[in-house]
């Protein structure tokens, strides 16, 4: 393979380690929704009450992700990343061990707090450890791992549900996180960051003026700048669009088609695997154009079109799977351009706080969307309205994407 295409061994190791952690973080976001039709009866609660568990998770992450970014920039990313993974893994194991609704709510808050470490720590380590000329591919692979985690989670949970029951399924999922945390500890020496110690070990070193602006009032001013605010709103739109599919898409299909849970999970699985493929394709596109906002806007338009077809025409479940896959592919294509637009406006020494802050938009959307769609499914006679709302959210996000892109090019 050509040297310009191949990644050096050190870069490959860093990307592999960080992407594995990112993979698990996304698995944990989706271990519960495939079980919702079952958990509704287990806990004796409504879909809205189950949606509240996801809302609590996302609120906890959203409230702490930006502060976590400041901690990452100040104290380093490695230990914070490993600690977050361990805490989140244990939280999901305990959800399986203690089948109480209020235990679920409390433990989802703990898991959400732990989940706040990933984006600030991951992007800081990648930015400091990987050659800048390969950063687009590094971001693409990292994001692909997250989307692949989304894709694997429903399949894994349905399989484990049938094999060992829902409680042991959650215990096994948590155990995987503890195993990955041990691997990260074993290879932590290759993970650099932008702190002084990280720079001495080979990480990216901030310039003096960048270090001065990285904390305190100047750090807050950076987060409130127009490019970063636009990035935040961009993340909100992405989260609400994707959340419509992942939170209650399966539950809507079960009701509309009176299909078994495993069968109704197939379109969602197609959406998620296609999203992962779209991320890789999006990385290839992002390397060949600077018009990232136009790429993202076009993709969101297509996502809205495909999901509107599901709502408007009530096709067979097989066709729904195809439409979900197409929507997922173009949804995934957005991600590399998203990350490159954010990095372009981020000074060295501020990667943790900027990515932590804009990623809070992802959690704000994630907090609103499950509760909104849970209430919708509880109260409307026609669950296909859910897909009309997803289509509308996708189209509405286009304005945010184009604005964010125009600001980042100034």
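Placement of Cβ uses the backbone N, Cα and C atoms for every residue, glycine included.
As annotated by TrEMBL, domain 'Major facilitator superfamily (MFS) profile' applies to 14-409.
If you look up TrEMBL, you'll see 14-36 (among others) marked as transmembrane segment.
Distant neighbours of the transmembrane segment (42-63): 29, 32-33, 36, 99-101, 104-105, 108-113, 115-116, 166, 247-248, 251, 360, 363-368, 370-375, 377-378; these residues of the same chain sit at least 6 beyond its ends, with a Cβ under 8 Å from one of its Cβ atoms. Residues annotated as transmembrane segment in TrEMBL: 42-63 (among others).
Per TrEMBL, the feature transmembrane segment maps to 75-95 (among others). Counting residues 6+ beyond its ends, the transmembrane segment (75-95) has Cβ neighbours under 8 Å at 21, 24-25, 28, 31-32, 68, 103-104, 107-108, 110-111, 113-118, 120-122, 124-125, 170-171, 173-178, 180-181, 184-185, 188, 191, 193, 195, 197-198, 352 in the same chain.
The transmembrane segment feature in TrEMBL is assigned to 139-160 (among others).
Per TrEMBL, the feature transmembrane segment maps to 166-187 (among others). Within the chain carrying the transmembrane segment (166-187), a Cβ under 8 angstroms from the stretch's Cβ atoms is held by residues 13, 17, 20-21, 24, 27-28, 31, 35, 38-39, 42, 78, 81-82, 85-86, 88-97, 99, 156-157, 160, all 6 or more beyond its ends.
According to TrEMBL, the feature transmembrane segment maps to 222-248 (among others). Listed as Cβ neighbours of the transmembrane segment (222-248) (distance under 8 Å, sequence separation of 6 or more from its ends, same chain) are residues 29-30, 33, 36, 47, 51, 54, 66, 150, 213, 268, 271-272, 275, 300, 303, 307, 324, 327-328, 331, 334, 338, 341-342, 345, 347, 350, 353-354, 357-366, 368-370, 373-374, 376-377, 386-387, 389-390, 393-394, 396-397, 400-401, 403-404, 407-408, 410.
Residues or ranges marked as transmembrane segment by TrEMBL: 268-286 (among others).
The transmembrane segment annotation in TrEMBL covers 293-313 (among others). Sequence-distant contacts of the transmembrane segment (293-313), counting only residues of its own chain at least 6 positions beyond either end whose CB sits under 8 Å from a CB of the stretch, comprise 237, 241, 244-245, 282, 285-286, 320, 323-324, 326-327, 330-331, 333-334, 337-338, 341, 384-385, 387-388, 390-392, 394-395, 397-398, 401-402, 404-406, 408.
For 319-335 (among others), the entry in TrEMBL reads transmembrane segment.
If you look up TrEMBL, you'll see 355-373 (among others) marked as transmembrane segment.
If you look up TrEMBL, you'll see 385-407 (among others) marked as transmembrane segment.
Non-local neighbours of the transmembrane segment (355-373) in the same chain are 29, 48, 50-52, 54-55, 57-59, 61-62, 65-70, 72, 112, 116, 119-120, 123-124, 223, 228, 231-240, 243-244, 247-248, 342, 346, 386, 389; each lies 6+ residues outside the stretch with a CB under 8 Å from one of its CB atoms. Away from its own ends, the transmembrane segment (319-335) comes close to residues 140, 143, 147, 238, 241-242, 245, 249, 253, 266-268, 270-279, 281-282, 285, 295-296, 299-300, 302-303, 306-307, 309-310, 401 of its chain (Cβ-Cβ under 8 Å, at least six residues beyond either end).
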